[in-house]
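Heads up: the structure comes next, in structure tokens.
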Amino acid sequence: MEKKIAVTAGTFDLLHPGHFNTLNFAKKHADELVVIIARDETVKKIKGRSPVIPEEQRKIMIETLKPVDRAVLGSLNDKLEPILEIRPDVIILGPDQTTYQINELKSQLAEHFLYPEVLKVEEYVKCPFHSSYDILKEIVRRWCCKELKV
């Protein structure tokens with residue numbers, strides 16, 4: 001019997017509870033979890049800024065987490081490339097993905113005769129520092145203005 005493979009993807013720059021929630025959710029839906037780490041160049045294009053932590057370090061951090069079986073760097077040319085190579089049974093998307101994005105992904109994969117189940121983590125983890133942005137804001141609040149007199 002073949003292992004059921006799940007894939008999820010993200011920047012995973014400053015780890016927070018939302019990341020762990022997504023990874024645990026993904027692992028519950030498969031025997032093997034592969035995480036695609038967004039490339040520094042891709043993050044800069046999409047978010048307008050480079051990640052704090054370089055891609056190779058983010059990959060190492062993610063692949064050492066308990067639910068993760070393997071981490072790979074995303075493609076610089078085609079976001080579907082690693083998915084087409086892995087050929088997962090399940091793709092897990094974060095709570096910030098829209099129905100349009102999900103349907104678009106399914107359509108693009110179908111063009112390559114790949115029909116994985118696409119699941120979405122439905123709820124955000126509600127706690128302090130549930131996003132990388134919140135962590136950065138708190139670091140600035142605590143350190144930059146007081147310690148550096150900025």
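Each residue, glycine too, has its Cβ placed from N, Cα and C.
Taken from Swiss-Prot, the feature ATP binding site applies to THR11, PHE12, HIS16, PRO17, GLY18, HIS19, ASP96, TYR124.
Each of the binding-site residues HIS16, HIS19 was assessed for Cβ neighbours inside 10 Å, and the highest tally belongs to HIS19. Pairwise Cα distances among THR11, PHE12, HIS16, PRO17, GLY18, HIS19, ASP96, TYR124, which the record gives as the binders of ATP, peak at 17 Å. Counting only same-chain residues at least 6 apart in sequence, those with a Cβ under 8 Å from the Cβ of THR11 (ATP binding site) are ILE37, ALA38, VAL43, LYS47, PRO51, ARG58, SER132. Fewest Cβ neighbours within 10 Å among the binding-site residues PRO17, GLY18: that distinction goes to PRO17. Among the binding-site residues PHE12, TYR124, the residue whose Cβ has the fewest other Cβ atoms within 10 Å is TYR124. Here the Cβ of ASP96 (ATP binding site) has 12 other Cβ atoms within 10 Å, regardless of which shown protein chain they belong to.
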